[in-house]
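Colleague: After the structure tokens below, expect a handful of questions from me.
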Amino acid sequence: MSTDNTPAVPAVPAQPPQLFKGIVKQALSGDCIIIRGQPKGGPPPERQLNFCNITAPRLARRPGGPTGKADEGKDEPCAWEAREFLRKKVVGKEVTFVVDFKVPASGREYGTVYLGKDTETGENVTEDIVREGFASVRKAVKSDVTKLIELEEQAKSAGRGKWAADSEKHIRDIVWQVENPRQLLDKVGRKPVSAVVEYVRDGSTVRVLLVPSFNYITLTMSGIRCPGVKLGQDGKPDLASKEPFSEEAKFFTESRLLQRDVEIILESVNNANLVGSIIHPNGNIAELLLKEGFARCIDWSMGFVTGGAENLRAAERYAKEKKLRIWKDYTVSAANSTTASLMAKDKEFVGTVTECVNADALVVRLTDGSLKKIFLASIRPPRPSEQGGDKEKPKGKPVRPLYDIPFMYEAREYLRKKLIGKKIQVSVDYIQLASQTFPGKICCTVKHEGANLAEALISKGYATVVRYRQDDDQRASEYDALLAAEAKAQMGLKGLHGKDIPVHHVVDLSGDAAKSKLFLPHLRRAGKISAVVEYVASGSRLRLYVPSESRLITLILAGISCPRAGRAAGGPLGVAVEGEPFGQDALAFTKDLCLQRKVEIEVDSIDKAGNFIGVLSIENKNLSLALVQEGLATVHFSAEGTQYNGPLQIAEGNAKARRAKIWQTYEDTKDEIKPEDDKAERKVDQKPVIITEITPELHVFVQYTDDGDKLVALMNDLRRELNEKPPLTGAYTPKKGDLCAARYSGDGQWYRARVEKTLPDGEVAVVFMDYGNRENVKASKCATLPAIPAVSVPPFAKEYALVCVKLPTDEDMVADALYALRRDTNNDVFLLNVEYKASGLDYITLADKTSKEDITQNLVKEGFLLVDNRKERRLQKLVKDYQAAEKEAKTKHLNIWQYGDITEDNAREFGMGR
């Protein structure tokens, strides 16, 4: 900001000099500064002071400003150097100043600034500016400027500053707005860039000038967010929306960074703003803001923080513990209290993995022999909504998540091959308490040979990171490492983030005698075949997956009989089944030896239920022989005549001699899966309509375009009848449920209406039945419908609801969603298709008549609506498209997703709604 046209004669006579002290906050130009006082319980007062008797070159202003000058976007020669000289000399330093005079009309103050504690010993900044050639002396003043003129002549003689011969070359080429932030990010990389902070919008958002390229950018600090103030409709801060401690946070950042030389590291792009870290010689400002309680950690950008986020998380924990500022009401949740109350041996322990449950849970055997199920903290395994996993299944086939959900099998296999039978280090991060919908979960950070398993899964794209509310502390101890791994996986298009979707066409032969018989000759010819044990039903009955054949089979061990294990209520039989003695021991032995391990099988025959009968070996150890040796099985008569009969008889004899366990026969059991069969197909019969009204519940009223002429005729007949025979005022008293004629306030015309309720002050609430809009009208503006045939036709406006979507719970977000729907459906014709009916209301899709684009899907894609996951098979293609649109909106942090995942299913499943 330059200070041209200093008045030759002050409008107000100079008062006796009065000394003021303050700290220079900002240098607006080479001859103007802002001085602030000392803070006392909040941001201090400020005043602008222009240097008396001098004029510095004018700095450029952003084009399009209030002056509208064509050349305002360029500096005068040496304007930047003058501002920089003054900035480096006085910003952040204590000064003494004298106000020489004040212009009454503008309130602008002119004076002299001394760098020091008084005018006698302090350095006269005005003289320094003139001495360096960065300002001209105004000679048409009454003040004594002799010394300034001498200094100016010296600067001219020496060719300093603006008096240099090449001063015309000292003009910046300023880039006021970066057109492509992503391109700038890729160009700069993650290397430190020199910059000057020019403006502080709030505690965590600043506008900086990159030097020497002179690019202006808006930078949001990675990993944190400070309280702020929302902008109103006029583009100015709306003080009513000011968050607590927003001013204090802004002052904290201003007092340390404004117009300071810093280094910034660009790390990401969020919409049009760049995201990065600001490095000051005294440290990272983000860490200081967190430690003082002026900011909170933000998960979505935490993974970008250069050097990791451990220090930021630690600073936030410190502020929470001390209950500083925004954390003054912070309390530890009940779930966190439960986790904190765990004994040391329960919080950290070592175990051996016995089973990998899908992609996010493990069953481990502890040192005392007990089993414990744990979950990998803060990760979400692949789900049907990911990567098209909700494709329609063939009719009559059950859903098998391990094989049908993309990348679920790959994730499970990665854990199985790496962990089964291996020791792991477990650290409990939090306990998710049980609810009516979900069981309790022990969520942990699990490491094998020093590697974090959750991080490894995410880095390969086999899982994603759970997003939490900002006030939810229940998360993995290395949560930020998970976010960083996910960001790398997304950039590398790995797994769930890529385009290639693995498909596993697995045929399940279990319980299908016909198919099993057809496959038996092939298995016999193949001899020894590799397989993976997926499930152990009893000591001698196993469910196997044969990768080379993509088949699931049930194998019964040949030549032995095992005692039956008990079953709990709710199993395949529906009731509890009492087990035989040592049946549970046999089951545990086989599970411990074989579950989820690679084995070899030789199939010999098949039973009448389609279960294969054969021999299973693991690491050259015959499972049948091992069970008999342990006294957990007896030799069956079917073993006679086989090559294994001799060893089995010897093992049984040895077990009997030792009186080991108990020998009894077994009873076949088999798991039956009852497939659901939904044969209904989605029907498409689109009708052209126009939208007449949108309700707060996201319902729409439509008129079919084919009824347009009928509606016009009805309106003409109704109004002609009422105009020719005007109703008498007060002759009609509307009652709830009445069909009547009512005048609409928008145009004063008569329309058909239905009375919804009566109100005080002689008003009634009506709905205009041919348009769907509601209004409170005076009873005197209602009349009995005239006795003409047309008024008996059904309403032309029909109410519908949008299919497979729902509104968010936040009121502001609801208002934004309704506004977006009104915007997208204003004054146009759309194609309506009825999808299903629920609670007496038809649910529809709306498509643009010209582009055929689904209006609802576009709103989901823009982040205004949530997807309601309907289960009908005929809707799965539609639900899949909507889920893909929702995922895109989440990834881009659009509207309701700007701060992460806010859906209620996450709240219930991952401990975010307690």
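Backbone N, Cα and C define each Cβ position, glycine as well.
According to TrEMBL, the protein carries these features:
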type	residues	note
DOMAIN	18-165	domain 'TNase-like'
DOMAIN	191-329	domain 'TNase-like'
DOMAIN	347-499	domain 'TNase-like'
DOMAIN	527-665	domain 'TNase-like'
DOMAIN	733-792	domain 'Tudor'
Colleague: How do the residues of the domain 'TNase-like' (527-665) split into helix, strand and coil according to DSSP?
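Modeller: Per DSSP, the residues of the domain 'TNase-like' (527-665) fall into 35 helix, 47 strand, 57 coil.
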Colleague: By DSSP, how many residues in the domain 'Tudor' (733-792) are helix, how many strand, and how many coil?
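Modeller: Secondary-structure composition of the domain 'Tudor' (733-792): 7 helix, 28 strand, 25 coil.
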Colleague: Per DSSP, what is the residue tally for the domain 'TNase-like' (18-165) in helix, strand and coil?
Modeller: 35 helix, 44 strand, 69 coil
Colleague: Run through the domain 'TNase-like' (191-329) and tell me, per DSSP, how many residues are helix, strand and coil.
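Modeller: When I sort the residues of the domain 'TNase-like' (191-329) into the three classes, I find 42 helix, 49 strand, 48 coil.
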